[in-house]
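Reviewing the structure listed below.
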């Protein structure tokens with residue numbers, strides 16, 4: 001398929017690529033693999049800048065800005081990076097956090113300087129700084145270890161734990177251990193770049209015990225988490241959902257994220273229970289809301305509407321985005337990352353008027 005796409009796209013202009021992009025324009029929770037791994041696109045900077053203008057426009061509805069963001073992530077390239085980077089001046093912590101996430105998933109070293117700037121900016125919200133640290137770990141360059149080590153004991157626990165995980169991931173990538181384990185560990189069916197590699201094969205019971213062991217290192221527990229996620233079956237979902245009771249807010253938020261990836265209804269009660277806790281860390285509640293939007297069963301969407309007026313802005317906005325994703329899931333609409341499609345539609349409308 002990759003060869004076919006490369007052949008199809010050679011020497012074509014960006015305006016002809018909407019149908020090709022529909023192959024990977026599903027919602028961000030379904031596949032988060034950067035498009036550059038499938039296809040190399042020539043940069044039509046004017047169109048990319050127009051999508052970027054939607055992203056940074058605070059008068060646009062938040063779901064539209066999110067769709068523009070994921071279109072930019074799929075396009076890749078220096079212009080898309082610059083457009084995403086400009087959004088860190090926004091006042092929505094949720095949107096900025098998602099921008100950092102996308103930069104990490106793109107794995108483009110051109111994003112390192114802007115991510116370091118966000119991590120170091122104490123005026124940015126902790127959820128945004130955390131995601132910048134995680135994104136640096138996802139890019140995986142050993143050159144940034146010194147920066148990450150500056151924050152591995154940060155007074156904000158979620159930032160400290162994130163940087164510890166990022167350091168360990170980068171060190172694992174450079175290690176002999178990786179060479180020994182890589183042929184054994186399970187493939188990621190969701191194609192995301194994760195904060196830790198999956199654990200080597202073990203029984204479900206062994207992985208669950210490691211996942212819930214509060215005395216084990218966070219990195220090893222994350223490895224168990226992603227090994228369970230990769231199993232992608234109901235017993236694994238039920239095991240993972242128990243992690244929503246663990247002590248670390250960062251850990252609980254990652255549990256909610258992987259449950260959203262798996263899109264299995266068995267975890268709906270636990271996600272709803274956690275979302276309902278007003279005293280819960282807002283980062284965890286936000287991730288539960290988006291996971292429920294990913295699962296997209298009607299009962300989930302009805303409950304999400306109850307939190308549109310929540311006292312935490314990041315939770316309110318997450319419910320808006322989750323409902324948009326959920327409605328996409330249930331509508332049969334083909335595109336989610338539809339920035340290019342909308343530009344084509346606008347251009348045709350202007351030509352006909």
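Using the three backbone atoms N, Cα and C, a Cβ is placed for every residue, glycine included.
Please treat TrEMBL annotations as automatic predictions, because they have not gone through curation.
What TrEMBL says about this protein:
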- 97, 98, 130, 131: Fe cation 1 binding site (BINDING)
- 253, 254, 286, 287: Fe cation 2 binding site (BINDING)
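Positions of the features from TrEMBL, shown on the structure.
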{"residue": "97", "record": "Fe cation 1 binding site", "Cβ contacts under 8 Å, 6 or more apart": "125, 127, 128, 130, 131, 314"}
{"residue": "98", "record": "Fe cation 1 binding site", "Cβ contacts under 8 Å, 6 or more apart": "66, 69, 131"}
{"residue": "253", "record": "Fe cation 2 binding site", "Cβ contacts under 8 Å, 6 or more apart": "281, 283, 284, 286, 287"}
{"residue": "254", "record": "Fe cation 2 binding site", "Cβ contacts under 8 Å, 6 or more apart": "195, 222, 225, 287"}
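Most Cβ neighbours within 10 Å, among the binding-site residues 131, 287: 131 holds that distinction in the structure as shown. A sphere of 10 angstroms centred on the C-beta of residue 286 (Fe cation 2 binding site) encloses 29 other C-beta atoms. In the three-state DSSP scheme, residue 287 (Fe cation 2 binding site) is classed as helix. Those residues of the chain, other than 253, 254, 286, 287, with a C-beta within 8 angstroms of the mean position of the Fe cation 2 site C-beta atoms are 252, 255, 256, 257, 283, 284, 288, 290. Neighbours of residue 130 (Fe cation 1 binding site), defined as other CB atoms within 10 A of its CB across all chains, total 28. In the three-state DSSP scheme, residue 131 (Fe cation 1 binding site) is classed as helix.
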